[in-house]
Each structure stands twice: as structure tokens, then as C-alpha cells.
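Positions annotated as active site, N6-AMP-lysine intermediate by Swiss-Prot, on the basis of sequence analysis: Lys127. Look at Swiss-Prot and you will find Asp41, Gln42, Glu43, Tyr44, Asp45, Ser91, Leu92, Glu125, Arg148, Glu215, Lys347, Lys371 tagged as NAD(+) binding site. The Zn(2+) binding site annotation in Swiss-Prot covers Cys463, Cys466, Cys481, Cys487 and rests on sequence analysis. As annotated by Swiss-Prot, domain 'BRCT' applies to 656-736. Among the features that Swiss-Prot reports, region 'Disordered' is placed at 170-205.
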Amino acid sequence: MTTELENLSEAEAANELMRLARQIAKHDRLYHAEDAPEITDQEYDALVRRNAELEAAFPHLVREDSPSRKVGHAVAASPLSKVTHEVRMMSLDNAFADEEVAEFVARVRRYLNIGEDEAIAFTAEDKIDGLSCSLRYENGKLVRAATRGDGQVGEDVTPNVAHIGDIPQELTPLPLAGGAGGGPLDDSGSAPTPDPSRRREGKWNGPAVFEIRGEVYMATADFHALNARLMDEARAEADEKDNAFDTAKVRQFANPRNAAAGSLRQKDASVTATRPLRFWAHGWGAVEGDVPGETQVEVVEQIAAWGVPVSPLFRRCETLEEMLAHYEAIGAQRADLPYEIDGVVYKVDRLDYQQRLGFVAKAPRWAIARKFPAEQAETTLENIDIQVGRTGKLTPVGRLAPVLVGGVTVTNVTLHNRDEIERLGVRPGDRVVVQRAGDVIPQVVRNLTPDEKRDSFEFPDTCPECGSEAVSEEGGVDVRCTGGLICPAQRTERLKHFVSRAALDIDGLGEKTIDQFFALGWLESPADIFRLKDRRDEILALEGWMDKSVDNLLASVEARREPDTARLLLGLGIRHVGAVTARDLMKYFHELPALRETAEKARAGDEEAVVALTSIDGIGSAVVEALGDFFHEEHNRAVWDDLLSEVSPPRYEVETLDSPVAGKTVVFTGKLETMSRDEAKAQAERLGAKASGSVSAKTDLLVAGPGAGSKLKKAQDLGIEVIDEAGWAEIVAAAG
């Protein structure tokens, strides 16, 4: 529950700003660096708006790492080289209502000291959902293309954009056949087009340097065709190798934006060449020479005349009423456009006004994005099913009468948990409003028939799969099955997790294969995977299996007889034991029997065992409790013993290099710009150092990035050596 601003204490506001900074940074990373968003645009925007409200109410609490100071996200570890933008690629502030657009216009007038009776024009264009890209032309020739990254540093994608037909390798100074500005939406929706019959002769006469900025995107039809082609190619490859085909293992892009980002950011440009990418321009960056125009309209028209596409819906608006009308007109066409958009961008037209208005921390004062609401539709909730996940969590899933939302037919929605069902008051038979935004799972946002006489949905208190008691965690909203590995749903999901890429990474055992083998009674526990060699003839008799595919599967299984110990521990699916925690545990214990013995002692109340576990950096009471509970359950112990009778995990050791930090304790603080926190920790371990999360008298070295706060001060007070990220990179490079 969000607390009203007037009821917040200063300490509460500071804590909330800290949480928001971390949340927004996480979602920025997922969206910009990993192309894998977890929340809708609307949910993200709500976090940003709350942060802005808090900073306005408590300006003295604005943090160094505030989202209001950042653009995009630092470039993650990538094979693509980094590019520093000469002129930062900024973000845009957002508006969500007509009143906010009106306030933007009024704010521009106040800043420029322009009265209501004096005309001021704006441009308006649709905001395409793509990947920002900057194209640097020198003397009319393309010399470099770079992604936005964090606005200051992006990735070099020059070889990749050479395969995008919309991006010319050389600009041609063509005059326009017709203008872009002013008129209403025309029937064709065409952009300003060059007239080849009026080609200028002679050498390039434009600016010596001109950076065109815009969006790389993928048309909706091309996106669907690409996913279909990737599926067909994977099926053909499986047939050629006589492997069983598993659709679950085929890479499918979630939406056109992710497809565009994933296709452009390829180390091998020949992959990009096979992807149907497009581009259009909406602005510019660094310029050496004269800007070819005095208004936004004039420069955009000149860019189009040079042969670079611009938005077909780009217009000049003389009044606020025209701006709002153009937003409505674009919104009315949204479902029929051949590409996905998420709003309309307004910019002050006169460039001298833009220069006077300048920028705030991460956005220009002279532009704003009016966002569209998430796409919604009405339908009937026909049923509510309960699914049981790998960790026993009971998740309600709504089954819908099929409905088209945002160009996609939706039949299922997540209802999250018992509390969400109670909040919405939904029951089978209700009419509901369904919302879909981006690649996030569709969700019910409103119940249209809450007052109709119908029995409330009763959330089960027993597991629908095994009949074990289902209980709520103290202080939590989730309901979980207590059956553990005796629950068939948990067993199949845990088997899938066990063979996943993060765990044992066994090729040939996809989700459908595991479901099939489980139904046949061949797979009950992880150890059964290593007994599949005894069922070769039975597998071969199944439809779709050939000698080669069976042999490939069995060879992949046999290759994991001596698995990495931390991966094996991760594969068991113990609650709260992820990849990092599994590595941390095995670095301390080295062998699995030692871990089990300590966990069992800790559950029995042995204080020394509890101290041993919690002394491991990153291991808290939740992990200790989860380990104890796992080994306390008799069936889990049987599964563990059975598995270790089939595999022989070697003693876990971390290979280290000779380095000046070997044997020392290193702490990382502040914003790391060239690596993630996990990467930094892994580097420290490889150099023989211990990476700690807190500064103490035992700390030997602090690596401080931008925004370093209390840890830096404490280190300085204790006389601990402090270096920046570049200094750390030198240590890593020197160690080889």
C-alpha cells in the first residue's frame, strides 16, 4: 500500500526512494540491457512517477543514483565494442493525460516568457516501440552506428546496420517533392518522399558531421514471420540430426521490440542480415557545420530528403487542440498500423526555443511523450485452474473465452495469488476486463459483474495434484503445497529444472519429453535420468525417436555423471538456493555430504552449525531454514541418496589466478558501469579474493563506483584502500 505524501516522515521517504532506485534500476537493466522486461510499461511508469513525486516533496533527499538522473542502462557485458556518444542520447519525460500535455505547453510558455496570445508550434509523431540507434555520417557517408545504452555509452553496431535497407550507407541530398508539416492525416499516411528526378549533382554539401537518431524496429507481420521461420529452422535441424523436436527449447521472441533488439545486437552481423529490421529517424545528435533548418520540421524533412525514412504520421501542430487531436487520430489508427507504438512524442518546433529550454537531468525540457494506456478488452472468465509450480506454489490461472487484445488472441490470464482473486472478487462466469502490455502475461484488471449472485471462488487448502495440505507462509501471500517431492506436479517441474541450462544442462530432455517419460513411469526422480540407458529400446519404440536421437540423449546424460557440484545442488531446486547461493555454499563446504550434515545439525538446533552457515557471505536465516527443511523430509533424503548413487560430483574448487588481491577481502559499492555485481564477484573469486557485501576492519580493498555512499565513507575512516572501477579492471587484466 502506497502511503500518501503528506503522511510520510522524512525517514520513510528516504527508505522508499532507496527502494524505488533499486527497483527501477533492476527493471532498466531487464529492459535495456537484457531485453527481458518483467513488468508492464504502465507499472514501470508508476514507479517512475512515484519517485518523481517523492523527490518533488523531499528535494533534499534526492539520491546520487536516482532514476531521475539516469538514461537507459549501462551496457551489459557484451561482445560488441562500446561507443561514447559525443552528444548524450536522452530519454523523455512522460505524460498520461491531456491535462499533463496542457501543463507541458504552459511550462514551455512560462520558461520562454511567451504569452497565451503568441503562437508557439510543436511537432507530433507516433512513438515507435523499437531500439534507439545513432547513425554518424561524415561528409554524407555512414561511419558508425551505436545503440543508446545508458545515453552516454552504447554498443557499436555499424556492421549490423549495413544490412538494414532503410539505412543508407551514403546520404543523397535530394530536395523534397512534398512537405511533412501542417496538414491533417492523409489517406496514404505517407512520409515525405524524395524526388529522384531532381537529384543534385556534385559532392556532398551538407554538414561535415551529422548524427541521425531514430529507432530500429520490426514490423508486426515480420515479427510473426520471423518466429515462424525460427521454429521451422529448428524443426528441420532436429530432423536432420535425428533428434526429438521440442518446441519449448526453440528461441521465440516475445514481441517486436525484443526481436529488433536481439537481432541488432548480434556479434555476427550475418545473423542480423537474416532479420527483417527497419529504421526511421526522429532527431539528431552531434553536428559539425550548419544544422539544415531552423525548425524541427525543416530538419526532419531534410533527413527524409537525404533518403532516411521518418514517421509517416509526423505533423506540425499550431495549437494545444491540434496536438490533442493528433494524439486521438493516431490512437484511432493504432490497431491497424503495421508496427507497434506506445504513444505520441511532442517537441517544440523552433530550434532556438529548444536551445533556450535546454535539458533537465535526463530529458529535454522541449519534448514529452504522451503514452497510450495498456490495451484492454472485455470477455468472460470461464474457469479458474490452480497450477502447482516447482517450489509448490499454487498459482491461479484464469481461463477466458478467447478475446483479441492488442492483436493477440488471449485465452489465459494470471490471477497471481489468493489475495488477488479476493481483491478483484472474480468467479467463474464473471465478465472481466483483460489488459495486455508488451510481453507481460495478460492480466485481469477489473470485474464487470461483481454484484451478480454467484458463489465466491474457494481457494483450495489442499494441493490439487497430491492432496497434501496447502499452507500460507507467515507474512506472505503465496499458498504452497507441503508435499515436496511426493507431489507429481513438483516432481515434473523439478525434473525440468534439474536438466535446465542453469543446472545440469542435459540436451534432448525438453519439457515435453520429461512429461512423456514421467507419464510412462520412467522418470520419478533425478536419479532415474541416469538410468535411461536401460530403456534405450523402449525410447526407440516411441514415435519421433531415431537411433541417432536416442544415442545423442543418452550420451548427453552420461556426460553429466561427474557434474559440477554447485550446479548439481542448484538442480535439486531447494527453495532460496539459486545459482549464486549454490556456488557460495560449495565454496565453503566443497563437498555435498558436509553441507547436508551441517544443514541437518542446524535444523536440530546446533548453534555451531547455524553460525557456520550464516557466516557464509549472502547466506541468511531463510536459506538455513530451507536447507534444514529439505533434508528433514524423508522423501527428499531418499531422492538425494539415490541421486548420489548414480553421479560422482567432484570436490568443488574455484580456480584462481595469481593476483595482488589473492587472499584479500574486496567490497564493491556504487554503480558498476561495465559489469554486473555478480560478474564483479566472480572476477574477485577468480583472482583468489573474497567478495563481501559489507565494509569492516577485515576489508582490504573497496572498489567504488559513482553513487558510493556510506561504505565509501566507512572505508575512508578505516583507512582501507579505495580504487575506482577502472583500477579494478587493471588488476583483472594484469592477472590475465
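Backbone N, Cα and C define each Cβ position, glycine as well.
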Beyond the site residues Cys463, Cys466, Cys481, Cys487: chain residues whose C-beta lies within 8 Å of the centroid, for Zn(2+): Val388, Gly392, Thr462, Pro464, Glu465, Gly467, Ser468, Ala470, Thr482, Gly483, Ile486, Pro488, Ala489, Gln490
For Arg148 (NAD(+) binding site), the one of Lys127, Cys463, Cys466, Cys481, Cys487 that lies nearest, given that the recorded positions are compared by Cα: Lys127
DSSP three-state assignment for Cys481 (Zn(2+) binding site): strand
Under 8 Å by Cβ from Cys481 (Zn(2+) binding site), same chain, sequence gap 6 or more: Val388, Gly392, Leu394, Cys463, Glu465, Cys466, Ser468, Glu469, Ala470, Cys487, Ala489, Gln490
Cys466 (Zn(2+) binding site) - helix vs strand vs coil (DSSP): coil
Per-residue pLDDT averaged over the domain 'BRCT' (656-736), given as an integer: 83
For Lys127 (active site, N6-AMP-lysine intermediate), the number of other Cβ atoms found within 10 Å of its own Cβ: 21
Among Arg148, Lys347, the one of these binding-site residues whose Cβ has the fewest neighbouring Cβ atoms within 10 Å: Lys347
Secondary structure content, the domain 'BRCT' (656-736) (per DSSP, counts of residues): 30 helix, 15 strand, 36 coil
Cβ neighbour count (within 10 Å, all chains shown) around Asp45 (NAD(+) binding site): 14
Pairwise CA distance, Lys127 (active site, N6-AMP-lysine intermediate) versus Leu92 (NAD(+) binding site), rounded so that it is a whole Å: 11
Set of same-chain residues at least 6 away whose C-beta sits under 8 angstroms from Glu43 (NAD(+) binding site): none
Other C-beta atoms that fall within 10 angstroms of the C-beta of Cys466 (Zn(2+) binding site): 19
Number of other Cβ atoms within 10 Å of the Cβ of Cys463 (Zn(2+) binding site) across all protein chains: 24
